[in-house]
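To start, the structure under review is shown below, and the notes come after it.
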């Protein structure tokens, strides 16, 4: 019959191993968000400059990352990159690169959207006082658009965290991978291990993402109220 | 790039292509219906159901599809509920997509302007009539952009079905790579296949958005 | 003397801590036009919106057509067929044609036959010069045209009382006159009306009685002609001077 399913967590180092896997997922997510976020802001600003070629190139970059499913992106980078450029990175690094680029692409759209919604007369007033382009961005555009970017950015962060679940497919030893190993190792002792382990991981993701979702929602609501003030 | 490899694998990719479309289609319809029902429940603040819908939306939006699929396919059979891989896939999309659709529709319904509602009240419409003639038509029109984004998102999510060995597009490509190692060719075809689905769809949906927006903002 | 069509007694309304309307009392005789004037924030819009249930009030009574108004959704639904309202934002339903907009109340709320209602609708549209737009959609109309349709939409229900809440405030200047002329015509046809407006010349022509409000209180209730030449209060005098350019 097997032992009571939930006890699978108390076997050996199972629980710790799961948390270790979670750490890997969280680390990749965190690094991607930071690198991708910074790159995204830069790209977003660049996309609002009046250079059609630059805007087209960056737009193509964004659309590529939007059309291609993330799973496919991971495989593209994992398999093709080593061959074409003779670089051999660990799966973790490939994952971080892919997610950073994806984060940057989406972020650039958020930043661009926020920047172009700053009322035109604000920009014109700035120009009228003689501000240079850099100063315009620094003192007028960015400060006034930041609050618009925040809820969308937080939602994006939540999406990145959720999508790290795909890393196991390029053999990153993340939380789901560890979960699978545990289930297999204990399959004859714990018949319903899968139910409990996957259920637990489900809840882990929820615990990670839910606070962020709520924060984003609260900021969005406050933003709307403030903007209409 | 070996074009003969590309040519030879076309039949398999075609099968995967149609499967992806089929699964997406049913998943999106199911998600749309579920989302619509949920948004109505939330809009009319139906007592008990409202809390359930909130819980459902939060639960499904904050967890990855992959885990939902694993739970459905590997976890549930262990407590007696068994679905085929494809059914798991569709259930997963409906479960995940339903909450995204619900948020989209809710946003649309909430976006109907207060003055429109007051105009309706001023000619004596009942709450039900108000919903039927004013709020729902306009609310649904306002939801179109969100709906479009969700459609594209869900089609991409079907790529995750590969983990359950469902022979959709991504799985087809990965399978072929596993067997013949022509990574470049197969990944190229995979990207092209998704582009064929998503680019025209994206253009179509943008056109729809524009058409609807013109109508709504006629005031 | 006949009973006034509308009688408001000691109406009170507050938003939380803030008292928005204080002890409002006045009467509207059938066939007369009452104009509400006053600075922004004086409560004119709030008051007129209380009269068809769009705003709730916490104290006082409203008597319409001899009956005390008991505020409930069901009652307001019934009353709104007799009290028509036209808003500043000429909100026509964008997913319906002009004619459909007008017929919605008549057919679905008053349960009238479509032909009869359509005949009346076309007649009214002709009076406001919009009959060729019967099958047009709101997005094809200008602001002034939409407002004219909004007026017809309200009139279609054959109301006994019409409420106008700053209906020309959002219109381009050239269109204002057309709409005001329609309202003047209604007055001549003896429609009982309460009008909130900033158009002083119009108010002077149409107002049988002027209610001057400030801070939620009626400061002055004066017959129309007299208000503009010899207002009773200092505040009213200042107000008129500030509106004069």
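From the backbone N, Cα and C atoms, a Cβ is placed for every residue, glycine too.
Predicted automatically and left uncurated, TrEMBL annotations should be read as such.
Residue ranges A:138-156, A:195-213 are listed, and TrEMBL annotates A:195-213 among them as transmembrane segment.
As annotated in TrEMBL, transmembrane segment covers the listed stretch A:20-46 rather than the other ranges in A:20-46, A:101-127. Tertiary neighbourhood of the transmembrane segment (A:166-183): same-chain residues 8, 14, 17-18, 20-22, 24-25, 28, 70-71, 74-75, 78, 91-92, 94-95, 193-194, 197-198, 200-201, 204, selected by CB-CB distance under 8 Å and a gap of 6+ residues from either end.
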